[in-house]
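Read through the structure below, which is laid out as structure tokens, and then see the notes.
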Amino acid sequence: MQTYINPKLSDWSTLTSRPTKEVQDLQKIVFDVFGKIQTEKDQALFNFTEQFDQVRLTSLKVSLEEIEEAKLLISEDLKQAIKLAASNIERFHSAQREEIKVIETTKGVNCWRESRGIENVGIYIPGGTAPLFSTTLMLGIPAKLAGCENIILCTPPNAAGKIHPAILYTANLIGIEKIYKVGGIQAIGALTFGTETIQKVDKIFGPGNQYVTAAKQVAQNFGVAIDMPAGPSEVLVIADETSVPKYVAADLLSQAEHGIDSQVILLTTNEQTLNEIIVEINTQLEVLPRKELAAKALENSRGIVLNSIEECVAFSNIYAPEHLILACETAEEYIPKIINAGSVFLGNYSCESAGDYASGTNHTLPTNGYAKNYSGVSLDSFIKKITFQKLSSEGIQNIGPAIELMAEAEELFAHKNAVTLRLQDLSSKA
């Protein structure tokens, strides 16, 4: 971890920067794969799965037998843990439903808004170094609550042509039936264009590596929406002398173990706290199964001493982290000052892992600074909101003259006439 003691304000822009990646080469690969899928459909998926995942499949869709087999491979303890997480996620996201409120803007003019689930959504679940079955909950549960009619889940098979049993168990638990053995760029392409087996969708959700991220960005050129721009996972921790160094170290490492491109930033208010946490990081790192990945990520990570918690929060707002942890006893005092963050964890017991799995909040969050202008996934991510208005004869008489004047000023005379004809009829009946 690179350390900095009270850096100048002029250096903050450098310290809050992220590594940049060349995407043009990735996009060329994406367009090549997409082109094959458009013309060859299922056959292209079989070919790319053999090429990239080193497995020759005879069927893309996961069978009921495979799902039943997966249930037997999951321990009862893990099943109960997944059910607890699912319950909390459902409770939190259910509360995001909006009541229909009819507003009479002017006498005789009623306006309201109603929500409709996006009909066809695609969910991508990575299955590489860490099979993220928890993401199945985070995306599948709000999709179900939103009323999405068709939920298509794609996840890459292993070398034996199987899907991780925890992913299958979780998908089945929450009622996702359409599960396909396809990953990477080809999965995003299938969801974008559709094939004989996999249905085209309207919006694609889910994390992935740089190839999946590039594919999702390209998919937008073909009329498909995505949840948000994505990048490597990241956490920023603000810790003062009331923090617990071993807790902070564990939180930083839990992010670093995601991959070598993960970024962790530690902000403290004194050098002693920084040093104590670094000692803990080195101790805990030695026993991690994913030690090599975490160590690589830490090489590009930063530990910074600043003058106050207020200054740390100001730095964090510039960085706009995916995850922000305030490891201090007075964490709640700083809530109003937090402007840019995907999800925030307050106090010494609010570990990021809670949000990753079971607190109930969503762990699909904006990275790479996009927390400045994007929210994390929520019920709204799976919903379209349609506005309605109903005008009575009194209503059109009340706002009609204003509409006529505004339409005429914009030289849109058909707009004006649509009102004038109605007002004339009402006047003749009076």
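The backbone N, Cα and C atoms fix where each Cβ goes, glycine too.
Asn209 (NAD(+) binding site) falls within neither a helix nor a strand when secondary structure is assigned with DSSP, and so counts as coil. For Asn209 (NAD(+) binding site), the number of other Cβ atoms no farther than 10 Å from its own Cβ, over all displayed protein chains, is 18. TrEMBL lists Tyr124, Gln186, Asn209 with the feature NAD(+) binding site.
Sequence-distant neighbours of His323 (substrate binding site) (same chain, 6+ residues apart, CB-CB distance under 8 A): Glu234, Val235, Leu236, Gln255, Ala341, Gly342, Ser343, Val344, Phe345, Glu352, Gly355, Leu365. In the three-state DSSP scheme, His323 (substrate binding site) is classed as strand. Feature annotation from TrEMBL assigns substrate binding site to Ser233, Gln255, His258, His323, Asp356, Glu410, His415.
What TrEMBL lists as Zn(2+) binding site is Gln255, His258, Asp356, His415.
Applying an 8 A CB threshold to same-chain residues 6+ apart, the list for Glu322 (active site, proton acceptor) reads Ser233, Glu234, Val235, Ala341, Gly342, Ser343, Leu365, Pro366, Thr367, Ala371. The feature active site, proton acceptor is assigned by TrEMBL to Glu322 (among others).
The annotation active site, proton acceptor is assigned in TrEMBL to His323 (among others).
In this structure, the binding-site residues under consideration are Asp356, Glu410, and the one with the smallest number of other Cβ atoms within 10 Å of its Cβ is Glu410.
Each of the binding-site residues Gln186, Ser233, Gln255 was scored by how many other Cβ atoms lie within 10 Å of its Cβ, and the smallest score goes to Ser233.
One residue stands out among the binding-site residues His258, His415 for having the most other Cβ atoms within 10 Å of its Cβ: His258. Across the residues annotated as binding substrate (Ser233, Gln255, His258, His323, Asp356, Glu410, His415), the two Cα atoms farthest apart lie 56 Å from each other. According to DSSP, Glu410 (substrate binding site) is assigned to coil rather than to any helix or strand. Annotation for Tyr124 (NAD(+) binding site): same-chain Cβ neighbours under 8 Å, separated by at least 6 residues, are Leu153, Cys154, Thr155, Gly183, Ala187, Ile188, Leu191, Ile204, Phe205, Gly206, Pro207, Gly208, Val212.
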